[in-house]
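Novice: Mind having a look at this structure? Questions to follow.
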C-alpha cells in the first residue's frame with residue numbers, strides 16, 4: 001500500500017539504504033503508483049539526488065538508490081487532488097536530516113479523502129510532532145479539492161542534529177473544543193453553519209459543560225481552487241493533548257451528516273482515554289524510531305496503519321517497539337502504551 005511505500009522510502013533516504021518495493025498497491029482497482037505516490041517518490045529522489053527506477057504512473061515495482069540529503073527548494077506537484085499532507089509525511093523526516101534548510105512547495109489536494117486534511121496537519125499534527133524538538137512552518141497558499149486539486153502548501157524547515165524522544169502518557173481533562181467548518185467555491189456559507197451546528201449538537205449530548213467554538217468559514221476565492229466543504233473539530237486537554245475528528249462534504253451528502261460524522265470521530269477518540277487520536281497514532285511512529293532515547297505514547301486501539309509503520313520502522317532501523325495494554329484504573333478503557341527505544345539518528349551534515 002501507499003503507506004508502506006512512504007515509510008520505507010523515507011527511511012531508505014535517511015539511512016542511505018537502497019530499496020526495492022514490489023507489488024505496489026497490487027490489490028487495488030487501479031494498481032501501482034498513483035500521481036500522489038509518484039510525486040512523493042520524486043521529491044525524495046530530488047531531495048537526496050537519488051536514483052529512481054520504475055517511477056511512472058501504474059508501475060508496481062520501484063527501485064530507489066538514495067544519495068546525500070541536501071535541503072534547498074523543492075517542488076512536488078501531483079497535478080491531481082492527491083494529498084499534499086501525504087507528500088509532507090514522506091518528505092518531512094528526510095529534510096530534518098538534510099545539510100541545509102528546506103522549502104517544499106507541495107501541490108495537489110489540501111482536503112482529500114483517505115488522508116489527513118491540511119487543517120488537521122496544522123492544528124493537531126504540527127504542535128504535537130514539534131515535541132520531538134524541531135519546528136516547521138506550513139503556509140497554506142491555496143486550498144484545493146477533489147477532483148482537480150490545485151492547492152498549494154509551502155513547508156519551511158531547518159535541519160536538526162537529532163530528535164528528542166516524547167512522552168505522551170497523561171491525557172488530562174478536556175478543557176476546550178474548537179474547530180472550523182468550511183465551504184469553498186460554489187457552496188453557500190449556510191452549509192458551513194449547518195455542519196458546525198450539527199457537530200455542536202452531537203458533542204453537547206456527551207459533553208455538556210464546555211463552550212464549543214466551531215467557526216463556519218467561506219474560504220476566500222483567491223485562496224481556494226474548485227469547490228469543496230468539510231469540518232474539523234479539535235479537543236484540547238489540560239496536559240496539552242490534541243485529538244480531532246474531521247469529515248469532508250461531497251455531492252449528495254447532507255451537511256448535518258458531515259458535521260455529525262466529525263463529532264462522532266472526535267467523541268470516539270475521547271472515549272478510549274489515549275493521548276493521541278487514530279490519525280496521529282501512525283504518523284508519530286517514524287519520528288519515535290529516529291529519536292534518541294525512549295518515547296512513550298498512550299493510545300486507543302492500535303490501527304493497522306500503526307502496526308504497519310512499526311513493522312517497517314523496526315525492519316529498517318535499529319529501533320525497538322513494544323506495545324502493551326495500558327494497566328488503567330479503568331479496565332473498560334481500551335488503551336495501549338506504544339514504547340520505542342529510538343535509533344538515535346544523528347544528522348551527519350551538522
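Any Cβ shown, glycine's included, is placed from N, Cα and C.
These came from TrEMBL, pasted as-is:
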ACT_SITE  305  active site, tele-AMP-histidine intermediate
BINDING   89  ATP binding site
DOMAIN    1-323  domain 'RNA 3'-terminal phosphate cyclase'
DOMAIN    169-270  domain 'RNA 3'-terminal phosphate cyclase insert'
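Tell me what's around each of these sites.
Specialist: Contacts of residue 305 (active site, tele-AMP-histidine intermediate) defined by a Cβ separation under 8 A and a same-chain sequence distance of 6+ are given as 3, 281, 282, in order along the sequence.
If you take the C-beta of residue 89 (ATP binding site) and look for same-chain residues 6 or more apart in sequence within under 8 angstroms, you find 6, 283.
Each residue in the domain 'RNA 3'-terminal phosphate cyclase' (1-323) has a pLDDT score, and their mean in this model is 97.
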